[in-house]
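This report concerns only the one structure given below.
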Amino acid sequence: MGEKRTIIKALKNSAASHFIKKLTADTSLSSIQEAINVVQQYNATDPVRLKLFHTPRMVSQGAHFAFCLPTKKPHYKPLLLSQNALDEFNLVQDQDLEKILSGEKVYYSDSIFPYSTVYSGFQFGSFAAQLGDGRVVNLFDLKDKCSGQWQTFQLKGAGMTPFSRFADGKAVLRSSIREFIMSEALHSIGIPSTRAMQLTLLPGTKAQRRNQEPCAVVCRFAPSWIRLGNFNLFRWRHDLKGLIQLSDYCIEELFAGGTQFEGKPDFNIFKRDFFPDTETKIDEQVEKDETEVSTMTGDNISTLSKYDEFFRHVVSLNANTVAHWQAYGFANGVLNTDNTSIMGLTIDYGPFAFLDKFEPSFTPNHDDTAKRYSFANQPSIIWWNLQQFAKDLACLLGPEARDLELLLKGELNSVDDALEKTMIERVQKLVELSANEYKYVFTTRYAQIMSQRLGVDLDLEKCMSSTNLKDIEHAAEKAKEFCDVIVEPLLDILQATKVDYNNFFIHLQNYKGPFFIKDKSDTATLFGAFDEEYLGMFFNSKQLQQMAETEEAFAAGEKVFDANGELRLLNEKLQEIRNWTQDYLTLVPPTETAARASLAKKANPLFVPRSWVLEEVVDDLMYSQRDGLQDPSSELDTSALKKLYLMSVNPYDRTKWDVTLRPELETKWADLSHQDDAKFMMQASCSS
């Protein structure tokens, strides 16, 4: 376990700040000592200090970050602390911890000083030049006790930085609650994500959005906050030195000097497209001249440089995360390149949502009228972002070993037409191989998660991690067959019948009865062949009643009128359900109910924070307790918020939801049978 420690002790004995140690500061303040001198010589309202730490500017060529500080606020009131996160660092809760994690107190030393990073980004497909941490201040790095991995702590909503542009540096309470809860929820489900440590209300601080709103600060942490947008910046700047610095930092510091790239299959295996008919639309996003074929031709890539391996690894990490999103029905809402993590983490929570119903075209982003970032488009959009990343790295991916060595030494003074052609062809080949590997990683991981959710043991994990061609072929074949025969037909049914997406899997895992109760020849309609409880997973009560009445009418020899064709559609779905159930039972026989449930329970969260639940909790604070939010001495009722946190971070274990705390909310939020359908599939704006 390790001995519990105070935050001050942890910072003095074991903290670091790797980003500022290895990378380049803006020349306005080029060292930690210069930044410390500003703090010691000028008070918080002095124009010199305000200009250096809190005034937007274009930073110097080659800069990766700028030193800055959290803006001092009149009042701070911690609302929620993630005990799970606290335990991962063996930290005790005390006043110093609360103050440092809110920005009220700032820790710095000769090797640590707060900073904000600079990056660019493709936003809704269009390039935006210098962006950066406009309201985020990075604090320090600490190792977590489980993996021994360094985690970078930062404050979101910490005030103006050199990268705030035209914004105010604030984060409203509404979006802060949403990010805190959802980031911890995704992590607890098993979806790669950044984390949250503390949520702090800022009484007396408001932000003008559509209306004036109360503000908050979220302390969050991750192994790295570097995004693809950090690399977009250096392509735009034509800054090779800065690009190499950033790439080397990622390889050495984030991926253990490249040792994490080991154990992958021969890259040339992915000259073959193992999923040529995939519906993830990746093929449409591969920018090349030739028509896509199932197997690439041409010479193999003989050796991979560390930059090739780096690109390949980032592709795989992101493919894995998107597979989790699609399997669990998580819609990100905004997937710009500056919202795409170099480590494949779910990052920068905005207008996100879990699907209430399976609707692939749904976007939780009210402002995404073209549905660029719809649920169905997420795999292809992430691949599009990765292609921009390939362009950022092109000058490092294109050269063969000898030319790359000259480039890194600064001795590749010119590139003739022949070398340029060779370099372009090599980058194109790497991108094509990566496209096929992206589809392979995405589809096999997606099939593996979906099979678990359905209680089916496909035994894919071993093959997925193998470097053997036969194992890779086997994994691809099993994944494709499972998706074609089981997953896609099921999703078609769920999309048509519009039952709750997540709870369908819960109901199926808990079902112990017979799937069929009669042969179809013994019933008036197909409806009578099914167990009604089983059908209740696929249809709502109104649809079930319609089908039951039709069954009775046919049995009595009465005519049934179907004026709007609804009964015909229901009967078509019944036929599809029968076919699907028969296929499903070949994988999980009815006699294996216990084994099916045991496997599924490990992959099916009993609760996911829906948009309407988050809105209820936000409204409880923002409207029911409006006056108290601005009074630092008021006692706020945070019981609903704490209940939501407990349910979100313990998605597989109802016993940890604390039955003594607002027990009525468990039924209200987790059992949706009595909920108003109008609450579902809510959208949010980008305003935060």
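Each Cβ is built from the backbone N, Cα and C atoms, and glycine gets one as well.
Note that the coordinates shown come from a computational prediction; the quantities given were computed from them, not determined experimentally.
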Recorded ATP site member, picked from Asp46, Asp308, Asp348, Asp356, that accompanies Gly132, Gly134, Arg135, Lys156, Asp168, Gly169, Arg220, Arg227 in Swiss-Prot: Asp348
Separation of alpha carbons, Asp348 (ATP binding site) and Asn339 (Mg(2+) binding site) (Å): 6
Most distant Cα pair in Å, residues Gly132, Gly134, Arg135, Lys156, Asp168, Gly169, Arg220, Arg227, Asp348 binding ATP: 22
Arg220 (ATP binding site): secondary structure state under DSSP, collapsed to three categories: strand
Position of peak Cβ density within 10 Å, selected from the binding-site residues Arg135, Arg220: Arg220
Nearest of the binding-site residues (Arg135, Asp168, Arg220) to Asp338 (active site, proton acceptor) - Cα to Cα: Arg135
Least buried by Cβ count (within 10 Å) of the recorded positions Asp168, Asp338, Asp348: Asp168
